[in-house]
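Chemist: From TrEMBL, here are the annotated features:
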type     : residues : note
TRANSMEM : 38-55    : transmembrane segment
TRANSMEM : 230-249  : transmembrane segment
TRANSMEM : 255-275  : transmembrane segment
TRANSMEM : 287-314  : transmembrane segment
TRANSMEM : 320-338  : transmembrane segment
TRANSMEM : 350-371  : transmembrane segment
TRANSMEM : 383-407  : transmembrane segment
TRANSMEM : 447-465  : transmembrane segment
TRANSMEM : 472-488  : transmembrane segment
DOMAIN   : 501-709  : domain 'Metallo-beta-lactamase'
Amino acid sequence: MWLNSALSALIGILLTESPVSACILVIVLTIHLYVKKQLMFLLMYSAVIAAFLMLSSSGHTVLSDFDWTDNEAGSYKGPVLFEDDVQVDGDLLSGTLTAGEKKLRFNYYIGSEEEQRFIKAHMPYYTRCPVDLRLQRVLPNTNGLKFDYDEYLSFQGIHYTAKVTTFDRTSCQPLKPVGIDWLKKYRLQLADWLMTLPHERMAYVVALTLGDTRYLSTDELTALKALGIYHLYAISGSHVALLSVQLFYVLKRLYVPLLYSRMVILVLIPLYALLTGCSPSVLRASLFIFLYILLKPFGMTLLDSLALSFLLFLLYDIQLIMDIGFQLSYIISFVLIFTGRLFDGKPAPAVFIMTTFFAQMASLPVLLLHFNTIQWSGFITNLLFVPFFTFLLFPLCTLILLAAMFFHVVPSVLLDMLTVLFKINDALIALFNGLHLPETVISNQWAVFYIMIAAVVCYGIYCCYRSTSAGLSVMASLCLLLMCWPWPKEADRVTFVDVGQGDSTIVESMGKVMVIDTGGQLTFDSAPWKERRKASSTADFSVIPLLTERGYDTIDYLLLTHPDQDHFGEAVQLLHHFDINYLIINPVSFGAEKYKETLAAAAENHTKVIDSRRLPAMKLGHAQLHLMNIDSSAGDENDSSIVTFVKLKQLTYLLMADLPADKEQQITSQLSGITVNVLKIGHHGSETSTSDALLDRLKPNYAVISAGRNNRFGHPHSSVIRRLETRGISILNTQRDGKVEFEDNALITGKKAIKKTRQ
């Protein structure tokens, strides 16, 4: 009954998000009720569907443009309450604060090393401080990608971000937290204390025991995710289950009566969930175990406990269903419970293999839907890492945590053992990184595709339940199909990516792809204390996910027009993330020495480097490309910009990079008799580019400007805009429109406005 109710609630929610999925689940539920002769309950389950449909319904806002200014949302001066997720990373203090009735994500830039030391010594957890701040509207995803930071914050009840400009730390008043808040603050202070221990891997211990990943760097997290073992290093439902089993085993060995053992677990499991940060997967596991132990004497089964916990969570916060960890936790738990009888009587190695296989297969549709990538390495890495974590690393980290909690000292022998285990851990990671195990990248598909994948997985698991050999054959066939099928990427399009104050253009044709510039943030030499563990990368939120969602794991050509940071600054990121066949640069351009790190990364990844002077023309599928200004060694980076002419089907494009106006005549002289439909305006719309002579000669239909919102250079300049408007040229600005994409004679922007192009 509880399982049917949970399915009904899920149907009600899916009706607003994915009607096709909801209809399929309705059919499955109806057939199930018919087979079980429970059609009399259909009316009740219909009521549950309707109730959750009303709970999940919400309006959608249509945005006019993305050109928002910092101060549009106003400012605030007064006391704020800092929450429990405040952290210091280099010169950045960030987290969540409450101002009046509103929750805000905030950033505060620390002015000196002395101030940083003071803040670290007096972390403002649950502290009320007077501040000045500027409210900022959260920018939606302007490149049309799956992940939307605005939506992500909205699920947490946060609708604005804030830039704290003044922070009077000497006038802060710590609140005295009680109950749950006291435990949360204690968790943070415990994590900070553990980080003072003399061991270089203490950040991993904090993540494994307290679920706090603040101290892990971006590179460390990326490496774990690439091997499919990130879930082992961040507290999840499996850790709760493991701790429960270990605790029950210890109590049993101490001859504690069963009733008292259950009572101890019922008390400790909720406390453990609070101590580890209450992530959705931890909450799921904790509530599930709590309900099962509490209600088992009344006939509650494992599946009923899982379904009841699902319903209770949805009633508490229906937005939890949008959390990927929440989805994976319930799906994997359901599959492992459903197939549980297959593990009976099997030796431990067989159980580990079967558990890993079923968990990986159950998560496959969800991971494919959200991340477009299947990491086949996870099937192998988990076979070694799960036992290693279960029997060695996690128990040792738990002992270190207990020693810190009860004695405020950790014996050196435990730290020595930790060193040995992490040497083994590092050796395993190095081994698997060296194997270069394959992964499959599949472009965004229709909802029916993911439903079919999920249906095949469900059928395979059901066959395993009935007959192991048949089920394994079904799922092995699915894996081979996903791995070997030549997923088509036949689009002919040119995309001007919104990378803020920078440039990046993607040209695609017949499954081939070329990236022209990468975007990048302007950086300056800074003191060591300012360096951040979690350094942000423009490409991680623009070019990389855009290419991944289009199904690319290989870039055929990466062209860097000139060595300005906002044009080539993310090249190393792309070289580490994708296989790149060819890198095109002008090695004699002014400032070419800045390419040193990029060339080192290219050599490391076996990317061939092409001198642009030897490649004046090339083909990319249906696209014809001509590179101009390729032999310049002028005394300025902008003067030596490579200009790219692209002809793809009926449209022609001219990408001016940062070429100044006094160099434009050289380009137009090479385009005699050629018209340009789309002109990529030079130097982000600077007044030093885009002369009247250029516009009169090319007569473009569209002008594309790539510039950052609220940039300090004032791009695009009003004089450039006037020159374009007086000629009736349609202006497309990434500040306002987000990405700009031309495909099959249609124009698509980040606002998803679609119309026929002018030719």
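Cβ coordinates come from backbone N, Cα and C, glycine included.
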Chemist: In the same chain, which residue numbers or ranges, 6 or more beyond the ends of the transmembrane segment (350-371), come under 8 angstroms Cβ to Cβ?
Modeler: 146, 324, 327-328, 331-332, 334-336, 339, 342-343, 378-379, 382-383, 386-387, 442, 450, 453-454, 457, 460-461, 464, 475, 548
Chemist: Six or more residues out from either end of the transmembrane segment (287-314), which same-chain residues have a Cβ under 8 Å from its Cβ atoms?
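Modeler: Tertiary neighbours of the transmembrane segment (287-314) are 1-3, 5-6, 9, 13, 52, 55, 237, 240-241, 244, 262, 265-266, 269-270, 320-321, 326, 330, 333-334, 337-338, 340.
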Chemist: What residues in the same chain, six or more past the boundaries of the transmembrane segment (383-407), come closer than 8 Å to it by Cβ-Cβ distance?
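Modeler: Those are 190, 193-194, 204-205, 208-210, 229, 232, 239, 242-243, 246, 352-353, 355-356, 414-415, 417-418, 421, 424-425, 428, in sequence order.
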Chemist: Can you tell me which parts of the same chain pack against the transmembrane segment (230-249), counting only residues 6+ beyond its ends and a CB-CB cutoff under 8 A?
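Modeler: Distal contacts: 204, 207-211, 213, 216, 221, 224, 261, 264-265, 268-269, 272-273, 276-277, 279, 281-282, 284-286, 288-289, 325, 329, 333, 382, 385-386, 389-390, 394-395, 398.
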Chemist: Short question: which residues 6 or more past the ends of the transmembrane segment (255-275) have a Cβ under 8 Å from it?
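Modeler: Here the qualifying positions are 180, 183-184, 186-187, 210, 240, 243-244, 247-248, 282-283, 286, 289-290, 293-294.
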